[in-house]
Amino acid sequence: MLRAAARFGPRLGRRLLSAAATQAVPAPNQQPEVFCNQIFINNEWHDAVSRKTFPTVNPSTGEVICQVAEGDKEDVDKAVKAARAAFQLGSPWRRMDASHRGRLLNRLADLIERDRTYLAALETLDNGKPYVISYLVDLDMVLKCLRYYAGWADKYHGKTIPIDGDFFSYTRHEPVGVCGQIIPWNFPLLMQAWKLGPALATGNVVVMKVAEQTPLTALYVANLIKEAGFPPGVVNIVPGFGPTAGAAIASHEDVDKVAFTGSTEIGRVIQVAAGSSNLKRVTLELGGKSPNIIMSDADMDWAVEQAHFALFFNQGQCCCAGSRTFVQEDIYDEFVERSVARAKSRVVGNPFDSKTEQGPQVDETQFKKILGYINTGKQEGAKLLCGGGIAADRGYFIQPTVFGDVQDGMTIAKEEIFGPVMQILKFKTIEEVVGRANNSTYGLAAAVFTKDLDKANYLSQALQAGTVWVNCYNVFGAQSPFGGYKMSGSGRELGEYGLQAYTEVKTVTVKVPQKNS
C-alpha cells in the first residue's frame, strides 16, 4: 500500500530491492527480542485478569514466537476505566495545551524513528512482510502520519458565527472522549498510527485492541508512548481476540466511539453492537474488490507493473488491492502475457532476504482460505495462467497466481480474496466497464490507466469508490482522506477529514448588551 512504495514506480519489487536501493536499509536482526507481550493499561504492563495467554506465530515457519496476554472483557473494563479517569475534567490530559499534545506526538514519532530498525524487524517476524518494505514503506508512513497530526493539534478549532440579534456565537471542537480502536493484522504499525494520530491530536483517550495475529509491534509502541510522556490512561492497548476483547469494546457502555479496520463481515457486527449499546459513533474501513481499469491507450509497461503492484503488494493483503483488473479487449492478450511473465518472475521467500518481493500470508487460516479461492476459480471456469499452489515446504507461502478469462459472476470476481491472486477481465467500451466496475457491494478504491484526460476525468467521476487513482496505484499521503463507499465502510481516515470523526462540534451562544460589526 502506500505512497512510499508507489513512488518507486516500476522499480518496486526486485528493482526496489536492488543493491543500490537497499544501501540505506540497515541489516535486520532476524530474531529480534520481544520486550512487550502483556496488556498496557495506565502506562503499566499487566497480565490478563484470567491469566490466559495465546501464541503469536512466525508465518514464515509456523513456529511460535512467544505467548501474549489474552485480554478479555474484564481487561477491557479496566482499560476503559483508566481511559475515563484520564479524560476527567481537570486531568493533566484535559488541561494540557493543544500545542503540547502536538509535541508529544512528535516525540513519539522521534522514538519510533530511533527504534525503526528494531520495529521493522519485529513487524517482519510477526507479520511476514519483507523487511525492506517494513523499513522503507510502513515505518516511513507511520512517521509521516504521526508528524502530520502533531501539526494539526493546535490548528483544528472552531469559528465565530455572526447570528442575528445581540448575541455572540462560536463553536468549539471538543474531543469525543473514550475511543475504542480495533486495528488489523495487514499493516499493524501503520494502522495504529492512522488511529492514534487524529485521536490524540484532538485530545481523546484510547482503548486499542491489536490483532491477535500481529500484536508485537503495536505493544512495543506502547512502551514508547509512555517514554514520550503521555499521561497514564491516555493510551491503553489490549491484545486479544475479536469475539471477546473486540466485542467488549464495541458494546461497552462507557466507550464513546469505535473505529475499526477489517472485514465487512466484522464491520457489520461492530455497527450492530455500537447501536444496541450506547449508540456510540462508528467509523469503519472495511473490505474491497477494487476495479483497476486499463484502457487501450495506456502506457503498457507502466500499466502492467502498476497492476502487478496493485494486486501483489503486501502479499495481496490490502483492503484496496486492485483485485479486478479490467483490460480493454484490443490490448487484452498482450497485457495478460506480460502480467503472467511479471508474476512468474516475482521473488517469493524469506522476508528478511533483501531480494524477496513476497513473504508468507499472515497465518494458516488465511493461507487455506486463499488456496480455497484458487480452487473455486478453477472449478468455475477461470483460466489459471500461472501459480495456484504452495510456494514452500513450511510456512504460509503461496505462489503468485494469475487468472484470465474471469467473468463477473465468478466467486473470485465478487469476493475479497486478500491474497496474491490476480484476476484479469476483458471489456469493450468505457460505458460497459463503468457498469461492471460499479456492480459490486464494495466501493473502497479504483484506478484508471489512460493517456486521455477526458476518459480519466469521466471515469474518476463515474466510479463509485472513495479513492480513484489515475495512472498510478496505492498512492497514499497523510494529507489525503481514505475511506469507502457502500459496504467498504463509513467515515474517512487521514487528512483534515480524519479529524472530524474524533471531535464533537459544540455551539456556544452568549447574550451581549449590544452587538457591533
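For all residues, glycine too, the Cβ spot is worked out from N, Cα and C.
Per Swiss-Prot, the stretch carrying the note motif 'SIFI-degron' among 9-24, 25-40, 105-120, 233-248 is 9-24. Once Cβ contacts within 10 Å are tallied over all protein chains shown, the modified residues Lys78, Lys383, Lys451 are led by Lys78.
Cys319 (active site, nucleophile) is 24 Å away from Lys383 (N6-acetyllysine) when you measure Cα to Cα. When averaged over the motif 'SIFI-degron' (9-24), pLDDT in the model lands at 50. There are 28 other Cβ atoms within 10 Å of the Cβ belonging to Cys319 (active site, nucleophile). Calculated from their C-alpha atoms, the gap between Lys451 (N6-acetyllysine) and Glu265 (NAD(+) binding site) amounts to 38 Å. Most Cβ neighbours within 10 Å, among the modified residues Lys52, Lys428: Lys52 holds that distinction in the structure as shown. The recorded positions considered are Asn186, Ser263, Thr264; of these, Ser263 has the fewest other C-beta atoms within 10 angstroms of its C-beta. DSSP assigns Glu265 (NAD(+) binding site) to a helix.
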